[in-house]
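Encoded as structure tokens, the structure appears first; notes follow it.
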Amino acid sequence: MAFYKLDTPGHSVLSLDAKSSLWDSSRPGTAEGWKPFIGRHEGGNDYETSNSRPQYPRPQYPRDTPEPSPALPPDTPKGPPGGPPPDGGLTAWLQVLGGYFLFFNTWGLINAFGVFQTYYSAVLLTDKSNSTIAWIGTLTSFMLCASPITWGPVFDMGSPRLLVVFGSFSVVFGMMMTSLCDKYWQLMLAQGIVVGIGGGCLFITATSILPSYFSTKRALAMGIAASGSSLGGIVYPLIFSHLQPKVGYGWAVRVIAFISLVTLAIPCAVIKPRAKPPGRRKIFDTAILKEVPYEIFNLATFFGFVGQYIPYFFIEQYAGDHGLDMAFYMLTFLNVGSIPGRILPSLLADKYFHPLHVLATCTGCATILAFCWIAVQHSTPGLIVWCLLYGFCSGAFVSLQGAAVASMATDMRTIGTRFGINMFAGALGILIGAPVGGAIFPHSWPAAQVFCGVTLACSTVSIVATYVVWQRGKTGHSKLAG
């Protein structure tokens, strides 16, 4: 940009020629004393003049708009609305608290479905097979993961609180209606669809709000929030199993609904977007689908969710079929192990390694454990240890999903849409995973366990491929042709 300065005793006048950064010789003649001077980039306050005259600071006007620094690398993500993340502070950590209870009432209910699966097959729906009953939980999971593809753009337009309020109402209402159900189609509608759609609103908010508040502590913040699902997976089964024999199925589920109501009031109060995106934006940005690393990672998410939740749905029945003690508490041990599994790997991803490195390692370990599961048939302590270890490794898969997607994002203003598409891929996986496992294990438990291990192995390979392709395209993210 070229500036012109009039040297007079009383004042100086500043004008801007936007066409060129150098003196324009075709410019009409000006008054004597006009001289060009060339400013440094936006990071500086002084300017180099074309002669030895004294330098003057550039006047600051309200309408001055800072330009991006040319020193930034070409693959630097565009920041979220509101400027750089504060990476801490009261408001930022309140978002973590809110996200914790959003996870508590979304994936917490999914992690607890094993106790419903056992009750439905033994008492409420004795005429239905395990595979058929599992469709209730997988439909809840599918709606929770698939609906964010719609809610993501709503979040990006600056309306997370609307999503939290609507999602909270849907989850509580769905659980209340579940307490009145005694038929399969009723449970599919109330627990499967209504709770699932509400959970999708809450989940996309929990995963998308934190990247705008955290950068260097992003994975840790998301890991702490995601650990809420582990606590939900511990608390809700214990409540149901202890209350159901005393007060009946209906009131046991209503107590869960009341707990959801109280805990969801917290995120309704504290969730706060940093700033509304300026101007109008696309409802759906198709350019996201042309990023090759992102598409490979969606494939990894699909395979991971196919296999990951098979133990969570059927571990109690596995322990019972093999005559092991403490069969009911095996689901609790899985969720206990996933609490540190959601926090410690996230801490490593912030301080020492890229999130994809940690995610690939943990998913690879979960793959090995899935095959080792075949050998744990006659030892209760052995199965408890297996549950703790598998819970740890599988917990990282959920907590690091958001950090991995954010780490590859080329535009943080579309983070909600990116999470929505990624979780839709996971929804397709979780929709078929548990029903297929439920159809296999009545005939062969080892076959179901091998199915779990093979799908997790495919996920591990896809995560590694994601990192390799992403590294090769860092100078300008690889994109699909078209």
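Placement of Cβ uses the backbone N, Cα and C atoms for every residue, glycine included.
Curation plays no part in TrEMBL annotations; they are all automatic predictions.
The region 'Disordered' annotation in TrEMBL covers 17-88.
The feature compositional bias 'Pro residues' is assigned by TrEMBL to 67-87.
Annotation source TrEMBL lists domain 'Major facilitator superfamily (MFS) profile' at 92-474.
Summarising the annotation, TrEMBL assigns transmembrane segment to 100-120 (among others).
Summarising the annotation, TrEMBL assigns transmembrane segment to 132-155 (among others).
Long-range Cβ contacts of the transmembrane segment (162-180) within its own chain (Cβ-Cβ under 8 Å, at least 6 residues beyond either end) map to 98, 102, 105-106, 109, 151, 154-155, 186-187, 189-191, 193-202, 204-205, 249-254, 256-257, 260-261, 264-265, 267-268, 271. Residues or ranges marked as transmembrane segment by TrEMBL: 162-180 (among others).
Residues 98-99, 102-103, 105-107, 109-110, 116, 120, 125, 135-137, 139-148, 151-152, 155, 160, 163-164, 166-175, 177-178, 180, 222, 225-226, 264, 267, 271, 401-402, 416, 419-420, 423 of the same chain sit 6 or more residues outside the transmembrane segment (186-207) yet have a Cβ under 8 Å from a Cβ within it. Annotation comment: TrEMBL describes 186-207 (among others) as transmembrane segment.
According to TrEMBL, the transmembrane segment annotation covers 219-239 (among others).
Residues or ranges marked as transmembrane segment by TrEMBL: 251-271 (among others).
The feature transmembrane segment is assigned by TrEMBL to 292-314 (among others).
The transmembrane segment annotation in TrEMBL covers 326-344 (among others).
What TrEMBL lists as transmembrane segment is 356-376 (among others). For the transmembrane segment (356-376), the residues of the chain that approach it from at least six positions outside its boundaries are 300, 304, 307-308, 311, 341, 345-346, 348-349, 382-383, 386, 389-390, 392-394, 396-397, 400-401, 404, 407, 445-446, 449-450, 452-453, 456-457, 459-460, 463-464, 466-467, 470, judged by C-beta separation under 8 angstroms.
If one looks beyond the transmembrane segment (382-407) by at least 6 residues along the same chain, the residues whose Cβ comes under 8 Å of a Cβ in the stretch are 107, 207-208, 210-211, 218-219, 222-223, 226-227, 229-230, 294, 297, 301, 304, 308, 311, 315, 319, 324, 326, 330, 333-343, 345-346, 349, 354-356, 358-359, 362-363, 365-366, 369-370, 372-373, 376, 415, 418-419, 422-423, 426, 459. If you look up TrEMBL, you'll see 382-407 (among others) marked as transmembrane segment.
Look at TrEMBL and you will find 419-441 (among others) tagged as transmembrane segment. Counting only same-chain residues 6+ beyond the ends of the transmembrane segment (419-441), those with a CB under 8 A from a CB of the stretch are 129-135, 137-139, 141-146, 148-153, 203-204, 207-208, 288-289, 294, 297-299, 301-310, 313-314, 317-318, 401-402, 405, 447-448, 451-452, 455.
Beyond the ends of the transmembrane segment (447-470), by six or more residues, the same chain brings 292-293, 296-297, 299-304, 306-308, 310-311, 314, 354, 356-357, 359-360, 363-364, 366-367, 370-371, 373-374, 397, 408, 429, 433, 436-437, 440-441, 477-478 to within a C-beta distance below 8 angstroms of the stretch. The feature transmembrane segment is assigned by TrEMBL to 447-470 (among others).
With a threshold of 8 Å between CB atoms, the same-chain residues lying at least 6 positions outside the transmembrane segment (251-271) that come near it are 94-95, 97-99, 101-102, 104-105, 160-161, 164-165, 168, 171-172, 175-176, 178-179, 202, 205-206, 209, 235-236, 239-240, 243-244. Each of 100-120, 292-314, 326-344 was scored by its Cβ pairs under 8 Å to the transmembrane segment (219-239), and the highest score goes to 100-120. Long-range contacts of the transmembrane segment (100-120) within the same chain: residues 128, 130, 133-134, 136-137, 140-141, 144, 164, 168, 171, 175, 187, 191, 195, 199, 202-203, 205-206, 224-233, 235-237, 240-241, 244, 249, 260, 263-264, 266-267, 309, 312-317, 328, 331, 334-335, 338, 398, each at least 6 residues beyond the stretch ends and with a Cβ under 8 Å from a Cβ of the stretch.
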